[in-house]
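Report on the structure given below.
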Amino acid sequence: MILGSTGSIGTQAIDLVLRNPDRFRVTGLSAAGGRVGLLAEQAHRLRVSTVAVAREDVVPVLREALTAQYGPGEPLPEILAGADAATQLAASDCHTVLNGITGSIGLAPTLAALEAGRTLALANKESLIVGGPLVKALAKPGQIIPVDSEHAALFQALAAGTRADVRKLVVTASGGPFRGRTKAELANVSPEHALAHPTWAMGPVITINSATLVNKGLEVIEAHLLYDIPFERIEVVVHPQSYVHSMVEFTDGSTLAQATPPDMRGPIAIGLGWPERVPDAAPAFDWTKASSWEFFPLDNDAFPSVGLARHVGQLAGTAPAVFNAANEECVDAFLNGTLPFNGIMETVTRVVEEHGTPRTGTSLTVADVLEAETWARARARELTVQTATAEARA
């Protein structure tokens with residue numbers, strides 16, 4: 001099953017599957033519903049039995065698009081529609097669910113896949129971050145295979161030792177399009193500038209999260225949850241070339257780094273094929289050519305998101321859900337031109353502070369997470385409106 005099939009992760013996963021028909025067979029696809037033509041084309045090429053869309057209003061258009069793709073007499077796939085369509089699909093019969101949905105709406109499908117006993121290839125980091133204790137309570141050892149390039153790298157490097165052998169995890173960051181700029185220089189950057197990522201081709205929300213380094217903050221929380229390494233032993237370094245995807249430093253002083261040219265098909269292949277490797281899943285280095293690999297410390301003043309993420313990760317409970325939801329609203333406001341770039345983290349910080357002590361412990365429920373998210377989104381919207389009004393008067 002591929003959830004989020006028309007997005008960046010989904011389309012690259014399908015490319016990998018089509019190049020390896022002897023290894024993979026896809027039985028279902030899900031998408032939000034904004035690209036029904038592409039969804040219908042994917043369904044036909046993969047011969048899936050079920051497609052799911054979040055938007056019920058696009059079902060007639062989707063059915064028409066499917067009819068145009070399939071020949072006379074060919075049975076059309078079953079269509080699931082509605083807010084819980086992807087969750088239904090995630091729980092249906094298959095071996096592996098690739099969750100490539102963007103945002104915390106991926107939580108319910110993640111929980112459904114785990115509860116149904118599926119192997120979860122997890123690209124939707126938000127579901128683990130906002131539902132940490134809930135996800136970990138359901139997941140059996142080895143059931144979650146991370147698809148983020150950084151966590152796929154850690155996943156492979158950690159196999160070289162035991163948890164007791166690990167001194168620290170080193171998560172690398174490209175630094176985004178604004179690497180080297182000061183906080184003052186970031187004040188007036190535009191969405192167009194922020195969307196021009198120097199290394200990776202991603203969707204708009206993830207690209208902005210990479211520009212603010214919120215994405216890296218989320219990855220620090222994710223690394224803590226996946227590998228049970230304390231936050232003080234998870235380090236972030238800037239690596240502009242994005243060749244080294246993460247590193248593990250062991251207690252004997254050795255460091256294992258996983259390195260490939262930046263191409264998400266590599267981590268996707270790990271998620272779908274593990275414990276086997278998929279030959280030629282992504283390009284390899286030409287080691288006969290000279291290249292420079294640079295590493296720099298993180299500028300926490302210009303990019304306070306990683307420090308804030310550590311803070312909410314340590315608070316745990318509903319705090320990560322508040323952080324993520326507020327950020328999603330602020331990113332939307334920035335893309336719409338109603339919030340300045342630096343205003344994203346300023347607003348998220350204020351929402352986290354106003355949230356106060358999060359609800360934590362074994363009593364945490366999905367309802368608690370959703371309630372915290374709803375409050376955070378509403379409060380973030382209020383604050384972005386106040387910011388826009390103040391700037392208009394200035």
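Each residue, glycine too, has its Cβ placed from N, Cα and C.
What you see is a predicted model, and the numbers here were worked out from it, not measured in a lab.
Taken straight from Swiss-Prot:
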type	residues	note
BINDING	Thr6, Gly7, Ser8, Ile9, Ala32, Asn124, Glu126, Gly203	NADPH binding site
BINDING	Lys125, Ser149, Glu150, Ser174, His197, Ser210, Asn215, Lys216, Glu219	1-deoxy-D-xylulose 5-phosphate binding site
BINDING	Asp148, Glu150, Glu219	Mn(2+) binding site
(request) Could you tell me which of these binding-site residues, Gly7, Gly203, has the fewest other Cβ atoms within 10 Å of its Cβ? (result) Gly203
(message) Looking at the binding-site residues listed here (Thr6, Ala32, Gly203), whose Cα lies nearest to that of Asn215 (1-deoxy-D-xylulose 5-phosphate binding site)?
(response) Gly203
(message) Counting only residues 6+ away in sequence within the same chain, which have a CB under 8 Å from the CB of Lys125 (1-deoxy-D-xylulose 5-phosphate binding site)?
(response) Asp148, His151, Leu218, Glu219, Glu222
(message) Using the alpha carbons only, what distance in Å do you get between Glu150 (1-deoxy-D-xylulose 5-phosphate binding site) and Ala32 (NADPH binding site) once rounded?
(response) 26
(request) For Asp148 (Mn(2+) binding site), list the number of other Cβ atoms lying within 10 Å of its Cβ atom. (result) 27
(request) With an 8 Å cut-off on Cβ-Cβ distance and a minimum sequence separation of at least 6, pull the same-chain contacts of Thr6 (NADPH binding site), or say none. (result) Ala31, Ala32, Gly34, Arg35, Leu38, Leu39, Gln42
(message) Between Gly203 (NADPH binding site) and His197 (1-deoxy-D-xylulose 5-phosphate binding site), how many Å separate their Cα atoms?
(response) 11
